[in-house]
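Asker: Sharing a structure here in structure tokens format.
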Amino acid sequence: MPTVQTVLPSLTPLLPELVLAVGVMVLILYGSFRGERSVEGVNVGALLLLLLALFLVMSQPAGTKVTTLSGAFVQDAFSKVMKSLVLLGSAATILLSRDYFQRAKIDRFEFPILIVLCTIGMMVMVSANDLIALYLGLELQSLAAYVIAAFHRDDLKSTEAGLKYFVLGALSSGMLLYGASLIYGFTGTVSFPGIVSALHEDAGFGIVLGIVFVAAGVSFKMSAVPFHMWTPDVYEGSPTPVTAFFASAPKMAAVAMTVRVFIGALPDVTAIWQQIFVFVAIASMTLGSFAAIGQRNIKRLLAYSSIGNIGYALIGLAAGSEEGIRGVVIYMIIYLAMTLGAFAILLSMRRRNEMFETIEDLSGLSRTHPWLAFCLAMMMFSLAGVPPLAGFFGKFYVFAAAIKAGLVTLAVIGVVTSVVGAYYYLRVVKIMYFDEAKAPYEAMAPGLRIVLFLSSVVVILFWLLPAPLVGAAGAAAKSLF
Amino acid sequence: MTAAAAFFYLFAGITIASGFMVIASRNPIASVLFLILAFVNAAGLFVLMGAEFLAMILIVVYVGAVAVLFLFVVMMLDVDFAELRQGFQQYLPVGALIGAIFLVEILLVVGSWTLDPGLVQAPLGNVAAGENLTNTVVLGRVLYTEYVYFFQLAGLILLVAMIGAIVLTLRDRPGVKRQNINVQNARTQGAAVENRKVPSRQGVEV
């Protein structure tokens, strides 16, 4: 009998993921034995699990880069920051969802479980150090996301959103996989460090084709133009807390995954993919600002807004430099806060069990709910990029990085489109402050209050103490170069 | 002719014949059964080539899952196969053209494809030189050691798929009669049986 020597790989860097995976199985057992009575307990349990994982991620050492599991998993400062954002987005989703799901009578214990499973997938994506881990993480995340998009299954729009997301998502996964297989075929390895050493400046046509397909696949997941068509429909059709989730945590993971692939595995062929992302950034910013103008539904408006915001974040990636990646990370931190805040307000627009989601329903909000209106106005000013709110700094860092990298045209187009975008953000403020007041909405649920408070603090007071976040983003970017 | 060659022609012949029957048979259930026959014989061809793992996978995945799924679909959906067959003559030239293109492509690939001789000698996973192991053992050794992370992740993906299927399809239907074994066991003779006197020529009301 031949003996096989194996050493158990170091699992310490994997601890947050392991805690989530084991915890979610306990929750599944608890939920399936107790049935519908367990909803409250599973929600609390999932929230505590996510916060525990957040604590574990935060307490990981930031200075060193650790790879484990045959090099498939990497833990560094970048993964630390992006995983924290992912976990915050997921935890906020559970807080946002409680009240909505109870009233919509779709309060089932599977929702928090799917959110946690989705989060594991996103953390795998963020920490991926080879193409197989990347794809498996992406599939785990996407599959859970398709299901929760259709979670309100008796609602025609929700099922349509789930189906649309599934069909288009499967297509984009196929494209990503095809690109990955081409890269594997032409470099002979799936691990990112291996690809780096196998590639040099004059990469062949096969590599270029592979990069284009991978870029198409990740653009879909980030909902960047020209692979954005699913975004408005899925955002509008899904239950609102699910939309808040799609706009927050998976975006973080998709951007982190894109940075990992293109900065981590393909740094020597920047010239090939830089033009792709310059085009994608310009197209996303332009479409995001012009198409949002005609929207009346706030969810669709936020969908186009997220397309535009991804465009701005990609400016930093297109720069391809350490400053650029720092800009991307700062942008994503601030985008997370703005998005969650805006969705917390959208979820509180309710009168006698009826949700309102058009912009006209906000009219005169400043008289009925002055604080709510103030917070939303701050979110909108921040999304438009008005100083001294957080959104301004997010844009500032990516534009500065682009100019430093010689992409002046890209930065100028970014500034112009953000002026166009300001029109529809400020229109919301005008409707809230100067239009006829409507009947007041019901009081906010406690979960919504917590999310809105935290995100407002980040958005409004970022300029007072930017050092910790900017420092963390700087360390994250540094760990990649 | 050796026994291996005889088995090869047996399996190959049945595979082709049942492949033809899949499209020629009038009854869709018979088509699916012929498909299963084709899969099983293709698995036999794999065994002849020494790829026993692929053979087992073919049986488990294609016969066990895919073909049974086909059977379910054929039985549960009311597909009018006679109608689907309409226009067979009309589309025949296009179909024949595509088939011919595929045939030429396969011939080109098989004719020009060579294996890198270095690959055959390349060490695979944890196998020491000279060790004589089956494919399954070698795959198992790397799957549960080097690739255990991917294996576990794939398991999580399947878990999500299962939860998703339950979430989206399981629903409480009101007014459905269900078996409750506890209630059945708790029934006594007194609750289930009633003795009545039946008057002559009158009967009892039920």
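Note: Cβ is positioned from N, Cα and C throughout, glycine not excepted.
Automatic, uncurated: that is what TrEMBL annotation is.
Reproduced below are the annotations present in TrEMBL:
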TRANSMEM  A:12-30  transmembrane segment
TRANSMEM  A:42-61  transmembrane segment
TRANSMEM  A:81-97  transmembrane segment
DOMAIN    A:128-420  domain 'NADH:quinone oxidoreductase/Mrp antiporter transmembrane'
TRANSMEM  A:132-151  transmembrane segment
TRANSMEM  A:204-230  transmembrane segment
TRANSMEM  A:242-266  transmembrane segment
TRANSMEM  A:272-294  transmembrane segment
TRANSMEM  A:301-319  transmembrane segment
TRANSMEM  A:325-349  transmembrane segment
TRANSMEM  A:370-390  transmembrane segment
TRANSMEM  A:396-426  transmembrane segment
TRANSMEM  A:447-465  transmembrane segment
Asker: Let me check one thing: do the transmembrane segment (A:396-426) and the transmembrane segment (A:81-97) come into contact, meaning three or more Cβ pairs under 8 Å with sequence separation of at least 6?
Answerer: no
Asker: Examine the transmembrane segment (A:272-294) against the transmembrane segment (A:204-230) and state whether at least 3 Cβ pairs sit under 8 A, considering only residue pairs 6 or more apart.
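Answerer: They are in contact.
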Asker: For the transmembrane segment (A:325-349), find every same-chain residue at least 6 residues outside the stretch whose CB is under 8 Å from a CB in it, and list them.
Answerer: 78, 81-82, 85, 88-89, 92, 96, 99-100, 240-241, 243-244, 247-248, 251-252, 255-256, 259, 263, 298-299, 302, 306, 309, 312-317, 319, 355-357, 361-362, 372, 375-376, 379-380, 382-383, 390-391, 393-395, 397-398, 400-401, 441-442, 444-445, 448-449, 451-452, 454-456, 458-459, 462, 469-470, 472-474, 476-477, 480-481
Asker: State the non-local partners of the transmembrane segment (A:301-319) in its own chain: residues 6+ outside its ends, Cβ under 8 Å from one of its Cβ atoms.
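Answerer: That would be 222-225, 228, 231-232, 234-236, 243, 247, 251, 255, 258-259, 262-263, 274, 277-278, 280-289, 291-292, 295, 325-328, 331-332, 335, 339, 342-343, 346, 359, 383, 394-395, 397-399, 401-402, 404-405, 407, 410-411, 414, 417-418, 421, 424-425, 428.
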Asker: What residues in the same chain, six or more past the boundaries of the transmembrane segment (A:370-390), come closer than 8 Å to it by Cβ-Cβ distance?
Answerer: 305, 309, 334, 337-338, 341-342, 345, 348, 362, 418, 421-422, 425-426, 428-429, 432-433, 444, 452, 455-456, 458-460, 462-463
